[in-house]
Amino acid sequence: MGKQGGRAEQNFTKQPFLLSVDEIASHLETNIDSGLSSAQIQQYQEKYGPNKLEGDGGVSWYSILGKQISNAMILVLVLAMALSYGVEDFVEGAVITAVIILNVLIGFYQEFQAEKKMDALRSLSSPSALVMRDGNETTVSSGEVVPGDIISIKTGDTVPADLRMFEVMNLECDEAILTGEALPVAKEVEFEAKHGTVKEELGLGDRLNIAYSSATVTKGRGRGIVVYTGMSTAIGGIAASMQGKRRKPNRSMSRKKYGPMQPVKGGALRVWDGAGKFLGLTEGTPLQIKLSKLAYVLFGCAILLAIIVFGVNRFNVTNEVAIYAISTGIAIIPESLIAVLTITFVVGMTQMRKRKVVIRQLSALEALGGVTNICSDKTGTLTQGKMVTRKAWIPGAGVYSVDNSNNASDPTEGTISFGKAPKSRKDAEADRQARQEALDRKRSVAGINFDVPSEKLQKDNEKGPVTETDVEKDPEVSTELQAFLEASALCNLATVRKVNEDGQEQWKASGDPTEIALQVFSHRFNYGKKTLQEDGGWAQKMEFPFDSSIKRMSVVYQKPGQDHSTIFTKGAVERIIDLCTSVGIGDHEQQMTPDLKESILEQMTFLAEQGLRVLALARKFTPIEIVEHSDIDRAEVEKDLCLLGLAGLYDPPRLETKAAVQACTTAGITVSMLTGDHPSTATAIAKEVGIIPKNMGQLAPDVAAAIVKTASEFDKMTDAEIDALPTLPLVVARCAPETKVRMIEALHRRKKFAAMTGDGVNDSPSLKLADVGIAMGLNGSDVAKSASDIVLTDDNFASIVNAIEEGRRMFDNIQRFVLHLLTSNVGEVILLICGLGFQDSTGFSVFPLSPLQILWINMLTSSFPAFGLGREKASPDVMERPPHDNKKGVFTWELITDMLVYGTIQGTCCLMTFVFIVYGPGPDGLGVDCNRTYNDTCDVVFRARAAVFAELTWLILISAWEFKSMRRSMFRIDPHDTRAFPFFADIWENQFLFWSVVIAFFSVFPAVYIPGLNTSVFKHKGISWEWAPALVCVFVFVSGMETWKFIKRAMGWFQEEETEGMKVRRRQRSHLNLRQGFFTMARSFTKSKSEDKRSEAEQGEEMPPRGTGMPRIREEV
C-alpha cells in the first residue's frame, strides 16, 4: 500500500490475507489478548498518523470567504461605498472600503475558526471502535486507531480500518461501498481460494479473512488485528471517488437521458442552487436560513428607505441626498448578526461537549429547547447498566439468590443461598409477611414493631429470607443448576477475567451488561465460558445473534464424546416458553402444559415485581450437524426447547435519574420509558425514578390503564384508538423498534416535539423520524449514531436533560442578541427618517447621524455586546418554563413588540436630544452643506451630532444589560435572589459582556475629541454642556425599558403557561396526579445548573418541606 502524506509506509512481507495471525501479530508487535501498550500506541500514532482519508471532511476556506462577501450587509456597504466615491466624498468612501475589508476579514477569521471547532466536535460522533489496549477494552474514535490494535466488531458497526480477522462468528460485511457487490460477504479466519484461482491473485472481495475499512457489519461478530489505516486502506485507494458530492434531482445536463430541454432546466436549477448557496438561503440550519432571509428583507427595506429619502427631496438626487440615503441604508442592517449567531453555535457545541453531549446536526441546537417529550430506553440510560444476577429460579429445585454483591464484575463478592420458590402468590405474600416480622424482631430486642418504609422493605425483601431454617448457604452444583450455568456461560458473548493492575488483582468484564451478569453468575460456580471451552472441550459451531424483533439469541455447541449438538437459547420469558415443549431436566422434567406455563409466568412476575429484569434460558439436543454459515432456518433450530430456568437481573437506577425526571416535569417535558423488559420490571423501575406514581389507584381509571402498555397492546391499537387515549403510555414494555416509530407518530399527531433515544441498528427509523434523535455513545451502534442528531458520550438520561437546558440557554441568548441588534437598527431608522424634516436653507435634509457614525455604532458598539449576550449563562428559571414553540422560532410576538417599543424609545430620546441642542439654548440653525464637510455654519449641527452619537452608543450598551432578561428588571434579574441590590454582581457575572460595555462606553470620548477624526470622518465635534441632555436621556431610556417590563409582568402579557411541574413546586399537592418526578420524596443526588443558581440564591431562607413548591410561577411586579 502507499504512503500517508509523508507518514511511514504500512507494508508487510506479503499481503496480510496470506499471512497467519501470529505472523501479523509478530510484525506489528501486538498481543491478540491484551492489545498494544500505551507507549506503542503513541509511537504508532506518530509513525503512521491519524486513521482518516486525505481531504476527508475539513473546512473549505473559499466557501466561507464567499459567504462573508455575499451577505446582505456587505452588499449595502458596497453600494454605500460606490455612492460615496460617486459623489467624490473620498474620505467616507475610503473609510467604508476599510470597513468592508475589515468586516470580511474578521468575519472570515471568526467563522473559519468556528467551523474548524465545529468540525472537531462533530468528529467526536464519528464511527467509533471497540479496541483492546493494555488489557482493557475501551471505545475510541475511529481516527485514533493504529496498526496493531485489536478491534471487536459486531452487527451495526462500521469497520474502522482494514482488519485481519482471527475470530469470527457468523460475521458478514456489506462491502458494496468498496466492491459494488450487493450481497454481504461472509468472513472466515482461514479459507481456500475457489475455482482453481491462485490465492495470491485473489481480488479484494474474495479475501475472506479481511474486513475492510468503511464496510458495515450486517450480521454476527468478530475480532481482528488492524493491518492498514487511513490512505493505506483499500478504501483509501479510491478516496477521490468517495469524496464527490451527489447532485440534487433534475440537475443533470444530459440531453440523451432526459430530453432536449434538460440542459436548460438542469442549468437553471444549478444556477439557482449556486445563488441560494452563495447567498446563504439554501444551506445551513433553519435559523441560519431564516436570519439570512431577514438580512435580505432588510436589504430591500434599505432600498425602500433610500427611495423615501429621494422622494422627500423630490428625486433631486444631489450628492447630499445620496449621502443621506447611504446613512438610512446602513442604519437598518444589523451588520454582525450572522457572525454572532455562528459564534453562539460554537460556544453552544463546546458547552454541550462539556456536558457529555456531542452535536452531529446544528439544527439540533435550535430544536432541543422545544422538546416536549422524551422517549428513553431504560437499560444503561435511566439505569446504571451494571447488572447483577440476583435470583435464579430452577424448575423443580428452587431459587438461588446472590446477596451483598455490588461489583458487577467480581464473581467472588457476595454470598449465595438456596431456598424453595413460592408456589403461589398467597405463599409469596405469606413469605413477605414472615420476613417483615423477622426484621422487626431483629431490629428490636424488645420486640417493638417498627414502621418500615416501603422502599426499605422492598430492598430487604429482594435480599431474600432472613430465616435460616429453609435456606442453604453456599449450595453445591446440582445437575439442574449445571445445565442452567452452561446455558448462561455459553449462550453469551461477554468475557470475565482477572487482571493485574498496579500490583493488585482485579476482575474485569467486557460485553453487554446483561451477559456480563450471567457470565459472572456462572463464574461464581466455576462454570465460566473459558473454563467450559478449555477444560470441558465445548466448541461453538453456530450463532444466531440477538434480534430485537424476536427478543432472543441462540448458539450451537458441540462437546467431545457426544453424538449430538446442543442448542442454548436465552431471551424474553414470554418468547422462550412459547418455544418450549418441556420444563426442567432429569427427575424434575415435565411436559409443558397451560397450567405449568401459567405457574412459570407467575414465578417471572414474582421476580419482576422486585424490579428484576427476567430472562429465560433453554436448551435442546439435536442430531443434525450445524456448522458456521449454514443456511438452516432459525425457526427450525429454536423450537421444541427445554426450559432450564429464569434469571432475575438487577440494574439499579442511576442516582441522578430521579432528579432529571423531576427537572423535565418542571420544564413541561413528559418522559416515557420504552424498554424491552417485562411490564412488571419496567413498572417497578418507572415508579422508582418517578415516571409513574407508586400508587396507581389514585389516578383516574382510564389514565391508569393508559400509562403502562406492552408493545403488543400498543401495536394492536389503531391510530384512532391511540389518539383517543387520555394520555399516551409513559411505560411501554417489551418494546420493539416498530413500536418506537408508532410512538413518535402518535406524538406528532398530538403536535408534540419529541426526542427519541436509540442504540441498535433497528432504531434508525425512529431516530430519523424523531424531531431530535439521540444515540448512545458507549453502547450505540455506528448505524444508530449516523441516524441521530446528537450523541450522548456517557449514555446517561441526565445528559439529555443537560442538553435541553443548554438548548434553551442558546435559544434565549439568540433572542437576546437579535433583540439587541434590531432594537438599535429601529432606533437609528426612526431617528434618520424623522431627521428628513430637518432641512437647511438650501432645502436639503441634515442627518442627525452621519454614515460613519452609524457604521461605528453598528460595527463596534453593538457587535461585541451582542457576542457577550450570546455567551450569557442560563437564566435561573430556564428549566421552569414550558418548551418554546419551534414553529414560531426566535421571532416571537414578544420579541417583535419589544423591538418596536425599545427602538421607538431609543429613537425618540436621540431625536429629542438633537432637537434640544439645535433649537434650544444658544444659537440655532442647521447650517449649509453640513452633510459633506465642516464650516462655520455647522457648529451647532456638529455638536448635536456628537451628543446624539454619544447618547445612542450609551443607550445601546445599557440595553445589552437590560436584555439579560426580557421580562425581569435588570436590577433584580433573579426574583429569588435574597441580596439587597444584586445589580453589580449580575452584570459582573458575564465578564465578556461587562468589558464590552465598559470599553465601548469610554471609546466615545476619543471619537468625540480627537481632532480631524471628529470633524472630517465622523462629521461631529467636541462638546461641553451637550453631555447633559445625553446623560438625562440615558436615565429616561432605562426608565422606559423598566416601565415596559413592569407593564408586561403586571398585565401578564406574553406570559408563558405554567407547567405541571411548576404547579407542584408552587403549592403543596392536594391530590396525586400525573406529574412525573414528584411521586416520591426520595432525595435527588444531582441538580441542573439553573437549580444550582436558585439554590445559592435561596441560602439563608427557610427551606420548604421536601417535594413542595419552592419557585413562584406568578411573576412579582
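Glycine residues also receive a Cβ, built from the backbone N, Cα and C atoms like all the rest.
Positions annotated as domain 'Cation-transporting P-type ATPase N-terminal' by TrEMBL: 15-89. The average pLDDT computed over the domain 'Cation-transporting P-type ATPase N-terminal' (15-89) stands at 81.
TrEMBL lists 69-87 (among others) with the feature transmembrane segment.
Feature annotation from TrEMBL assigns transmembrane segment to 93-112 (among others).
Residues annotated as transmembrane segment in TrEMBL: 294-315 (among others). Non-local neighbours of the transmembrane segment (294-315) in the same chain are 71-73, 75-76, 279, 281, 321, 324-326, 328-334, 337-338, 825, 829, 832-833, 836, 843-845; each lies 6+ residues outside the stretch with a CB under 8 Å from one of its CB atoms.
Residues 71-73, 76-77, 79-80, 83-84, 86-87, 89, 92, 103, 106-107, 110-111, 114, 117-118, 280, 285, 287-288, 291-292, 294-295, 298-299, 301-303, 305-306, 308-310, 313, 362, 365, 810, 813-814, 817-818, 821-822, 824-825, 828-829, 831-833, 836, 844-845, 847, 849-851, 854-855, 858-859, 862-863, 866-867, 870-871, 931-932 of the same chain lie 6 or more positions beyond the ends of the transmembrane segment (321-347) yet place their CB under 8 Å from a CB of it. Annotation source TrEMBL lists transmembrane segment at 321-347 (among others).
A Cβ distance under 8 Å defines the sequence-distant neighbours of the compositional bias 'Polar residues' (404-415), meaning residues of its chain 6+ beyond its ends; these are 386-388, 473-474, 496, 507-509, 513, 516-517, 520-521, 523-524, 528. Here TrEMBL flags 404-415 as compositional bias 'Polar residues'.
As annotated by TrEMBL, region 'Disordered' applies to 404-475 (among others).
The compositional bias 'Basic and acidic residues' annotation in TrEMBL covers 424-443 (among others).
Taken from TrEMBL, the feature compositional bias 'Basic and acidic residues' covers 453-475 (among others).
According to TrEMBL, the transmembrane segment annotation covers 817-838 (among others). Long-range contacts of the transmembrane segment (817-838) within the same chain: residues 291, 298, 305, 308-309, 312, 324, 327-328, 331-334, 336-337, 340, 344, 845-849, 854, 857-858, 862, 865-867, 869-870, 890-891, 895, 898-900, 902-908, 910-911, 914, 918, 926, 948, 952, 955-956, 959-960, 963, 966, each at least 6 residues beyond the stretch ends and with a Cβ under 8 Å from a Cβ of the stretch.
Residues 77, 80, 84, 92, 95-96, 99, 103, 323, 326-327, 330-331, 333-337, 339-341, 343-344, 347, 813-814, 816-817, 820-821, 824-825, 828, 931, 945, 949, 952-953, 956-957, 960, 963-964, 990, 992-994, 996-997, 999-1000, 1003, 1007, 1017-1020 of the same chain lie 6 or more positions beyond the ends of the transmembrane segment (850-870) yet place their CB under 8 Å from a CB of it. TrEMBL lists 850-870 (among others) with the feature transmembrane segment.
Residues or ranges marked as transmembrane segment by TrEMBL: 891-920 (among others). Below 8 angstroms of C-beta separation, residues 290, 815, 818-819, 822-831, 834-835, 838, 848-849, 884-885, 926, 940-941, 943-945, 947-948, 951-952, 955-956, 959, 966, 1026, 1029-1030, 1033, 1036-1037, 1040-1041, 1044, 1048, 1053-1054 of the same chain, each at least six residues beyond the ends of the transmembrane segment (891-920), sit close to that stretch.
Taken from TrEMBL, the feature transmembrane segment applies to 940-963 (among others).
Positions annotated as transmembrane segment by TrEMBL: 992-1010 (among others).
Here TrEMBL flags 1022-1041 (among others) as transmembrane segment.
Under the heading region 'Disordered', TrEMBL lists 1084-1117 (among others).
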Of 69-87, 93-112, 992-1010, whichever stretch has the most CB pairs under 8 A to the transmembrane segment (940-963): 992-1010
Cβ contacts under 8 Å made by the transmembrane segment (1022-1041) with residues that lie 6+ beyond its boundaries: 902, 905-906, 909-910, 912-913, 916-917, 921, 943-944, 946-948, 950-951, 954-955, 958-959, 962, 1008-1009, 1014
Spatial neighbours of the transmembrane segment (93-112) far in sequence, C-beta under 8 Å, 6+ residues away: 59, 61, 64-65, 67-69, 73-74, 77-78, 80-81, 84-85, 335, 338-339, 342-343, 851-852, 855, 859, 1017
Secondary structure tally of the compositional bias 'Polar residues' (404-415) (DSSP, helix then strand then coil): 0 helix, 1 strand, 11 coil
Helix, strand and coil counts within the domain 'Cation-transporting P-type ATPase N-terminal' (15-89) (DSSP): 47 helix, 1 strand, 27 coil
